[in-house]
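S.K.: According to TrEMBL, the record shows the following:
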- A:95-309: domain 'ABC transmembrane type-1' (DOMAIN)
- A:1-29: region 'Disordered' (REGION)
- A:34-59: transmembrane segment (TRANSMEM)
- A:98-118: transmembrane segment (TRANSMEM)
- A:130-153: transmembrane segment (TRANSMEM)
- A:180-202: transmembrane segment (TRANSMEM)
- A:234-254: transmembrane segment (TRANSMEM)
- A:290-309: transmembrane segment (TRANSMEM)
Amino acid sequence: MSAVTADQRAGAAGTPVPASPTKKRGRRAPASRVHLAGWGFVTPFLVAFALAFLAPLAYSVYLSLFRNQLIGGNQFVGIQNYLAAFSDGKFWDGALRVGLFLAVQVPVMLAIALVAALAIDSGRLHGKSFFRIAIFLPYAVPGVVAVLMWGFMYSDRMGLTGHLNDWVGFALFTPYTKQWILVAIGNIVTWEFVGYNMLIFYSALRTIPGELYEAAALDGAGQFRIVRAVKLPALRGAIVIATIFSIIGSFQLFNEPNILKTIVPTLISTSYTPNMYAYNLSFVGQQVNYAATIAIIMGVLTAVIAYVVQLRASREND
Amino acid sequence: MRLNRVHRTIAAVAAATVVGATLAACSGGSEDGGTGGAEGATAEEIEAALQEGGSMTYWTWTPQAEDQVAAFEAAYPNVDVELVDTQGAADNNTELQNAIAAGDGVPDVIQLEYQSIPQFQLPGQLTDLSAFGYADLEDLYTPSTWGAVSQNGGIWGLPQDSGPMALFYNKAVFDQYGIAVPATWEEYVEAGRKLHAADPTKFIANDGGGDAGTVTSLIWQAGGKPFQVDGETVTIDLADEGTQKWADMYQPLIDEELLGDIPGWSDEWFAALGDGTIATLTTGAWMPGVFESGAPAGAGNWRVAPMPTYDGTPANAENGGSAQVVPAAAENKLLAAGFLKWLNSSEESVELFLASGGFPATVSDLQSDEFLSYESEYFGGQKINEVLVAGADSVNPGWAYLPWQSYANSIFTDTVGQAYLDRSSLTDGLAKWQAENVAYGTEQGFTISE
């Protein structure tokens, strides 16, 4: 049941309440006082929201309509930046790369997180608090540190990879090659965020009322049947939320490749992900306006995909 | 239903954060600040301002800056210099860009690499120091450093140091494998083959394709002039004779896997300089101080030689080096001008700079007996400055950097760097680099000819 359908239903029920100011003039005063009080309560939020979200957004849109050149200065160019972006191979390469990353890494990560949450929740695991903390711990490691750590481990000269390859006698693991670098990044991101998603799933599992399990047990359901019939349906909301967070995270992919770039500069280009592209354009290339354009397009893309996922999830719900 | 509303908000917020995150820090705003040429001052007025005092800010990543500022404040007790360590050129330039764009917190004096000066000078973001009579200081500095700060009819900074290139080599490794110091690039490549064949863990040089600064200097040394700037007209020709000469010499090093690919300036890199993994380094004359502090394990093993040549004729290039400049938006220009002149021309300041391994840009210091006869313990007692200073004499004239060199360097790995990665043709990589630079320059309003 989505908000949209609920609104439609309200409309269909045919209960329009058109304001008829002439008739209700007498009762207007108290009504507006109530309204004012309401505004008073939400104003602090609205101010913060406007400053933190709307202002930067509006400013970005404003910036994206200009072009500031080293020669020629600043001028209004309308939607030219957008037209340029739509035919910019570098931008779309980056966008496709994060799209591919999303399609592969997110399901893998969420599946691992789901299995971990179900295992910890099953009550059949010894030392479940230990596992819960251990799986969550990587999330507490600052992202930059995590990437540097993995960056060293991936190194063939001094890292774990080098030792493993020495041990098996040939180059089995080659994370620092064109074919594997994206997988290597996916591995880091998965390691970082499995615990976070596991915790979302686990807390959702803890809210399932005990009666459901009792009922299931009475009906003779085994553990796997309980998982399928009770736990997974109860997790639907959490899975949708985790998926949307992960989509946003994937489209914002920046830290991991950008730090690995210092170790393998030729493997990861300056336009490897759209965020890296925007960053390099604005901070090194002084093309703030075009960077704003790219950020806005990516923002819209992210919103659209997140919305489609949410819409699909709610339709299946109905 | 509530959950769904949450989702919709998430979707909206997603858009906001993706956009906001990238842009929060980089407000654009046009900066058409004047060239600063209008408000000049005489030496007396500057001296009077220094005596009267005030406060100013100075951004730099020079290690000696703290000592220099302390000495300056002792000489002019009324002036308070707030020193900001910007850690390195990249952060330094980005912070300056942001401050200028924000119109707030712009430093009064800031260090800029020679190659970054045009990028700030062209949009009118630097003060023309000829208004303070600093054109008269020309004779104090070497021609190449003065050339780097004086362009487009103005004086945009005073040189701090210079970096004529030299060949730094690990004598212990060379002796161990019976390798002679290469005088030509041909011998250099041959030495690379011999070394790597004898010990596959050792490399004649370390270059993983991420170091545009060294490559442009090597092209310069080969006689290339790929970038020519004439006001708003920029010529880019990364296929000229000199550039091609470098590419032909360098290609075998890549094809035969004779180069190490350790990330430059990393701990691993310093360790490799210390233990002989990297046997030579062609870089600027400012390197000895870095060796001493960064690779103590290599003490006694390293020596300095002139750059290898292509045909026996000495030829050299500059690598790195910085000047200090006064941004057009600086608030205390008189103090800034006074401090700048003291910093880069007073005996007291330059001496402090030299004391911890700096390589000067001032002619008198380069030619002083004390400087030339200095025997470096790290370099086994070698009089390194004799070699380094001699290298300054044969720097090829006529080199220019692009007005957007830092951006050009950032995309070097995307283009030329791919030749290193795929062991493919450097010439093709250079052509791609050229194409991207032509596109960028055109976008920025320059007239580009190829």
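A Cβ is built for glycine as well, from the same backbone N, Cα and C atoms used for every other residue.
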S.K.: Determine which residues of the chain contact the transmembrane segment (A:34-59) at the Cβ level, with the cut-off under 8 Å and only residues 6 or more beyond its ends counted.
M.R.: none
S.K.: Report, as numbers and ranges, every residue of the chain located at least six residues beyond the transmembrane segment (A:130-153) whose Cβ falls under 8 Å of a Cβ in that stretch; write 'none' if there are none.
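M.R.: Answer is 116, 119-120, 159-161, 184, 187-188, 191-196, 198-199, 202, 255-256, 259-260, 263.
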S.K.: Using a Cβ distance cut-off of under 8 Å, indicate which of A:98-118, A:234-254, A:290-309 has the most pairs with the transmembrane segment (A:180-202).
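M.R.: Most Cβ pairs under 8 Å with the transmembrane segment (A:180-202) come from A:98-118.
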S.K.: Who are the chain neighbours of the transmembrane segment (A:234-254) in space, where the CB to CB distance is under 8 Å and they lie at least 6 residues beyond its ends?
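M.R.: Here the qualifying positions are 98, 101-102, 105-106, 109-110, 113-114, 185, 189, 193, 197, 200-201, 203-205, 207-208, 273-276, 279, 298, 301-302, 305-306, 309-310, 313, 317.
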S.K.: Who are the chain neighbours of the transmembrane segment (A:290-309) in space, where the CB to CB distance is under 8 Å and they lie at least 6 residues beyond its ends?
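M.R.: 60-61, 63-64, 67, 81-82, 84-85, 91, 95, 240, 243-244, 247-248, 251-252, 274-275, 277-279, 281-282.
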